[in-house]
Amino acid sequence: MSWIEKILPRTKSPTKSNVPEGIWTKCGQCDAVLYKTELEKQLGVCPKCNHHMRVSARARLNQFLDQGERTELGSELEPKDLLKFKDSKKYKDRLVAAQKATNEKDALVVMQGKLKGMPVVVAAFEFAFMGGSMASVVGARFVKAVEACLEHNMPLICFSTSGGARMQEALLSLMQMAKTSAALAKMSEKGLPYISVMTDPTMGGVSASLAMLGDVNVAEPRALIGFAGPRVIEQTVRETLPEGFQRSEFLLEKGAIDVIIDRREMRDRLHSMLSKLHHQQA
């Protein structure tokens, strides 16, 4: 022991604090450390930089619809590996893994409920289920949502977040673009409003069909929206894309969408829109 150590009093190292795991998270945009409970109150929007984080389909539906009686539509539908598809992994194994990870049968959840007392049907994509890819069950559930609207004279809202068509279902997946578009045409014929809300990301076959067919096309701030991704486009055209290309602000400026709405204002703003649209078309 050195002479300095003999003079100085010994200090005890601070004991490790008993902070429970999982109560903090980090913003992917500004790196701010956030209290999860506070983030939930903000509906998954960073209070520091306004970054809209991805939320699960059920969390979004719980945030958006009134508490109380809700009916899930199409929950009995389950995906099947009709093509016996295999890439680096069997499709049926990918389905099992996705179902286990998300506790969902497929990538779209549909609920019939109320928005500030107004009867509505709301569909929400689950991005954690194979990138929110559109396949046979997704298309069938969306059609069930439309059929419920037609039967009960209700408006439809869809929150999209998807990488596009599910390649493991090949042509069966691509068929859903036409199937969902044809269903929405029936809503239009009957004069029932459909509001499409595009969240980050909304790409591929979903953006090329049901996501862009709203009577009002809404987007969350800074959402990536397009068909092919920016890297693919840059490699194809061999040019550098403009700053913010394919982000919702860029699309609004070019007239591709109608409005950008903060998630925390979504209930009030969409209820206001539907009050006018449904009244006019009733």
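Backbone N, Cα and C atoms are what each Cβ position is placed from, and that goes for glycine too.
From a predicted model like this one, the values you see are computed outputs, not experimental measurements.
Marked as Zn(2+) binding site by Swiss-Prot: CYS27, CYS30, CYS46, CYS49. Under 8 Å, Cβ to Cβ, and six or more positions away along its own chain, CYS30 (Zn(2+) binding site) finds CYS46, LYS48, CYS49, HIS51.
If you look up Swiss-Prot, you'll see 23-282 marked as domain 'CoA carboxyltransferase N-terminal', on the strength of sequence analysis.
According to Swiss-Prot, the zinc finger annotation covers 27-49, on the basis of sequence analysis. Sequence-remote contacts of a segment are chain residues at least 6 beyond its ends whose Cβ falls under 8 Å from one of its Cβ atoms, and for the zinc finger (27-49) they are 55, 59, 63, 262-264.
Taking the centre of the Cβ atoms of CYS27, CYS30, CYS46, CYS49 as the Zn(2+) site, the nearby residues of that chain (Cβ within 8 Å, site residues left out) are GLY28, GLN29, ASP31, ALA32, LEU34, PRO47, LYS48, ASN50, HIS51. The average pLDDT the prediction assigns to the domain 'CoA carboxyltransferase N-terminal' (23-282) is 96.
For CYS46 (Zn(2+) binding site), the count of additional Cβ atoms within 10 Å of its Cβ stands at 20 [all protein chains shown].
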